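The following features are taken from Swiss-Prot:
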- 22-42: transmembrane segment (TRANSMEM)
- 72-92: transmembrane segment (TRANSMEM)
- 99-119: transmembrane segment (TRANSMEM)
- 135-155: transmembrane segment (TRANSMEM)
- 208-228: transmembrane segment (TRANSMEM)
- 238-258: transmembrane segment (TRANSMEM)
- 278-298: transmembrane segment (TRANSMEM)
- 303-323: transmembrane segment (TRANSMEM)
- 328-348: transmembrane segment (TRANSMEM)
- 396-416: transmembrane segment (TRANSMEM)
């Protein structure tokens, strides 16, 4: 909104009005505004949640300090959502299809998570919204994102190709024509590009059509999987929040370089016109998560609940799909993914051993993975992995997972120059 106001003021030759044409300036304002909003309104929202007795119910899992969290206000994800949307609405161009997709993602998954938390708190159902309805919402969002990226004429890229001399890359050439494409960025392959349509045994228009169908299916899987993994990661104070902030910084960098033709050429990644506006959203995302961490760090004054965790995971997934970096998510979202996979592996192994031996066995002492480190070894739990033998304090687990996230974020950026 402010973009259009200052665009008008620039026509009136108001000094300084042109600043709002610079993405870097609007991004800086976005992160500061989001950070201030989260910290200022956060305290007020927490007080209202506490007065309304919207607190977390705790199931005793025998973890140190767990019962002290009982009654801590939940649904704090509202703080994150508000702190993302207000800077985005004020500073980004609202005629940009990518910004509209991110706003829809935030509102849709925020509503889904809010409904889940509402059922848990007010209807006293610990399981919350039935899992099938969560999946329907996530699959529906992934389908919408995939279809819009396919059908909207504004969603285009400029394909890149390497110019070689003596077997070495001399420069990267971008085709002048903007095209619809099912290509995505992936390291270690020619031109850092991978086309979904290339793996299909078709030719011509049929190949293009089925390439987009495959892309839509990938979008559904990515949104559903990453959103649920982020939800499972939200089990320790500050863990999901800090991890999301780290990921958000990398996504902001990717959005900026993907929309800057010289930087895209240097990194040999596809050029995506219009993606520069996503930098503003990403900085608002980072500011909101860091601001929320002010209250969510150990010992937490508020939990984000599914209102926040489902939204954070969905935002990350959709953002990556838009800038064609979904193939880098296994590295970038490593912490989220190992948390999610630990649950899947545990359930699969337990059911397999129960069917074969009549008694279910575990690989981890407890899942998601962060709980495994909270349990001491040889504590009466029949698990294949008993180490560490001493329980690790919650705050130390969180910081170590953040450090892993930072390392994986650095590796993700480095892959763009790997040939």
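Cβ coordinates are placed from backbone N, Cα and C, and glycine is handled just like the others.
Of the Cβ pairs linking the transmembrane segment (22-42) with the transmembrane segment (303-323) and spaced 6 or more residues apart, fewer than 3 are under 8 Å, so the two regions do not touch. Between the transmembrane segment (208-228) and the transmembrane segment (278-298) there are fewer than 3 Cβ pairs closer than 8 Å, counting only residues 6 or more apart in sequence, so the two stretches are not in contact. Residues 56, 72-81, 84, 98, 101-102, 105-106, 108-110, 112-114, 116-117, 120, 128-129, 134, 138, 141-142, 145-146, 149, 218-219, 222-223, 225-231, 233-234, 240-241, 244, 247-248, 251, 254-255, 258, 272, 275, 278, 281-282, 285, 289, 292, 296, 329, 332-333, 336 of the same chain lie 6+ residues outside the transmembrane segment (303-323) yet bring a C-beta within less than 8 angstroms of a C-beta in it.
Of the candidate ranges 99-119, 328-348, 396-416, 396-416 has the most C-beta pairs within less than 8 angstroms of the transmembrane segment (238-258). In summary, the transmembrane segment (328-348) lies against the transmembrane segment (396-416): three or more C-beta pairs, each 6 or more positions apart in sequence, are under 8 Å.
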